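What follows is a short report on a single structure.
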Amino acid sequence: MKAFRMSLIMIVLCGLAFPLLMTGIAQILFPKQANGSILYNEKKQAIGSELIGQSFKNPKYFQGRVSSIEYDANGSGSKNYAPSNEEMIKRTQKDAEKWLKDHPGKTLKDVPLDLITNSGSGLDPHITPAAARFQIPKIIKANQGKVTEQQLEKLIQKHIEDRNIGVLGQPRVNVLLLNMDLQKVIQR
Amino acid sequence: MWNDLVQIGIVLLILFVLMVPMGKYLYIVFGDKESKLDRIFLPFEKVIYRISGIRQIEEMTWKKYAVTLLAINGILGVIAYFVLRFQGGLPLNPAKIENMEPSLIFNTITSFLTNTNLQHYSGESGLSVLSQMLVITMFMFTYAATGLAVCIAFIRGLSSKGRSIGNFYQDWLRAHTRVLIPLSLIVTLTLVALGVPQTLDANVTVQTLEGGKQTIAMGPVASLESIKHLGTNGGGFFGVNSSHPFENPNVFTNIIEILSMWIIPASLPFTYGRMVKNSKQGWVIFGVMLTIFLLLLSLVYSQEKAGNPAFNELGFSHNQGSMEGKEVRFGIPMSALFTSVTTAATTGTVNNMHDTLTPLGGLVPLSLMMLNSVFGGEGVGLMNMLMYAILAVFLSGLMVGRTPEFLGRKIEAKEMKLIVIALLAHPLIILMPSAIALGTTLGTEAISDSGFHGISQVLYEYTSSAANNGSGFEGLGDNTIFWNTTTGLVMLFGRYISMVVLLAVAGSLITKQPVPETLGTFRTDNATFGTILIGTVIIIGALTFFPVLVLGPVAEYLTIR
């Protein structure tokens, strides 16, 4: 009986009181983060989350990493391929060859690996700066002269997030933020 | 390379700074002396004692302690069953999630009951907001507290006299009120500040830049995230766990999560040192854990950094390392460190996909879970390491031909029998079911990668269950009656056999007359003993698991190299 009563108290305390109290405080102190760091356009429409990657099929935009779930953020996941999995090796080779079409004379070795591999979550919002620069020729071609190499280089430079406090993490580019700026340029 | 080492070094350094004071804090919390902490926490705890009908804190024998523990665990399991069974009709279900199916409930409940947090469901689609809080978040607290309480009781058995190993209610309650809840409060709010959502809404739908629709699942993530790591639980809010950008948005959250799951297992040796009144004992145990940990960490780091051998063969660049299944913001060092800590501390949260680790990289999480004592889960890791320590004393005793003693108590046939049960149970519940699964179509149907990697997948699933870790080689299609039931049973055995057996050891040791220390006493607080202990852990682990590791990861490595 003692055990039963104490169990009930702990269920209420840890299962209800704790998360609800935390939600209350978080909503007051950090409303933006607590609600998923949602980004809005000029018309105040929600267009995505700063933390969650988006699918970019249109060649006019920068692309993010491979996502077997097509950036469906109602779920999450990847194929969990083994390193020896043939499907994965084939997929990577195919993607690499597609990218190499815009880079005559270059070989597999030059394709940034993060661009042709599936992220763990399938929602990775970032690519490496090298992977962003690698896309420049494709984007110039697709936009038919609306944007120049210098402009793209400047955009990428602006969006490179360096290692935190100089050492922690990896240099990276947030694809959605980059494309939001790119959109302003190409829709002018 | 240098930058990578600096990153890992910084995290280790923060751990080193925090662990000794934390060990002292735990000692005060679970000590029998009055402390300043009472002034803050006791009034609150008194209310809980009163409502529970506990009038006085009686001393418990190991049997009473074990029975109370099992009773509370059982009661919570039954209540959670009903919540999951009827979650569709209960409040706080904005996404209209349906009731859960019984074999999956059995698996889910045992999984969280045993602090394993193996997840055969996916959080986004399988659980209502109420279930995420009332069942999952609650279990994470209560079972971490159970592990911590048992560990303290076990040390009392080694360090005090009489019959009592403490009072379970008191230990369990204090683990909540004085350790887990206050730490979770701090960690939760820090995580929210750094970007982790904490809301009661289940999702937001946005119009993407290209004009499509994207539904983004969220919820009370941060509150679960904090206790998930602090309690070495590991069950994620989302299917992909801490690789999801909402669970782990940047390198700072990544470090906080690593330290959260590491700090209690790493500071318990120091609590132990204080309780047995010889802080060197604690340092020896910690040193042994750290040495084995660093060996395995360097293996997984160097393997992932070198890239997938199959890719390198084809001429892909390997200067980023193996990036399939990893996130750009973490890169190789933060992924490798996370993988090692999560399997050492048997948390089971992941920030990259373990199934996709390179063959020898994947060997590391497997080995850490097989050893199950390098830091280890909340409390149980230290208990397992102390079990190895008693074994090491026994082996050394055999070699020189005298009765082995540990902390001034004679280790005799009764204790050794019990320890052998605990020692053999672990490989038995990993290898037997793996053999059954690989021998029947029920098991092999779930394998997603044929060949040697398939063996690793099955092996990983049962090792993870037995070590109460909960991470997986997630390619395995494991939400079937066969897998739900077998892994459920393995988790139960993995948790409770060693817990009860080791409590019995404590119950037996506590009644023994201490032997005075002489010049001839075999010392267990110096580097010599540390070396013997490392040898014992590695030799026992290797003898038991090497053959099956050769069939899985090693064979895969040799074929794609």
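Placement of Cβ uses the backbone N, Cα and C atoms for every residue, glycine included.
Per TrEMBL, these features apply:
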{"type": "TRANSMEM", "residues": "B:6-30", "note": "transmembrane segment"}
{"type": "TRANSMEM", "residues": "B:65-84", "note": "transmembrane segment"}
{"type": "TRANSMEM", "residues": "B:133-158", "note": "transmembrane segment"}
{"type": "TRANSMEM", "residues": "B:179-196", "note": "transmembrane segment"}
{"type": "TRANSMEM", "residues": "B:251-270", "note": "transmembrane segment"}
{"type": "TRANSMEM", "residues": "B:282-301", "note": "transmembrane segment"}
{"type": "TRANSMEM", "residues": "B:379-398", "note": "transmembrane segment"}
{"type": "TRANSMEM", "residues": "B:418-438", "note": "transmembrane segment"}
{"type": "TRANSMEM", "residues": "B:493-511", "note": "transmembrane segment"}
{"type": "TRANSMEM", "residues": "B:532-555", "note": "transmembrane segment"}
Close approaches to the transmembrane segment (B:65-84) from elsewhere in its chain (Cβ under 8 angstroms; 6 or more beyond its ends): 90, 99-100, 105, 108-110, 112-113, 127, 130-131, 134-135, 138-139, 142-143, 146, 149-150, 153, 165-169, 172, 496, 499-500, 503-504
The transmembrane segment (B:179-196) touching the transmembrane segment (B:379-398) per 3+ Cβ pairs under 8 Å rule: no
Remote residues contacting the transmembrane segment (B:282-301) - C-beta distance under 8 A, at least 6 residues beyond either end: 4, 8, 19, 23, 266, 269-274, 332-333, 336-337, 339-340, 344, 357, 360-361, 363-365, 367-368, 371, 373-375, 381-382, 385-386, 389, 524-527, 529-530, 533-534, 537-538
The transmembrane segment (B:6-30) touching the transmembrane segment (B:418-438) per 3+ Cβ pairs under 8 Å rule: no
Stretch in B:179-196, B:251-270, B:493-511, B:532-555 most in contact with the transmembrane segment (B:6-30), if contact is a CB pair under 8 A: B:251-270
Best-contacting stretch, by C-beta pairs under 8 Å, relative to the transmembrane segment (B:493-511) and drawn from B:133-158, B:179-196, B:251-270, B:532-555: B:133-158
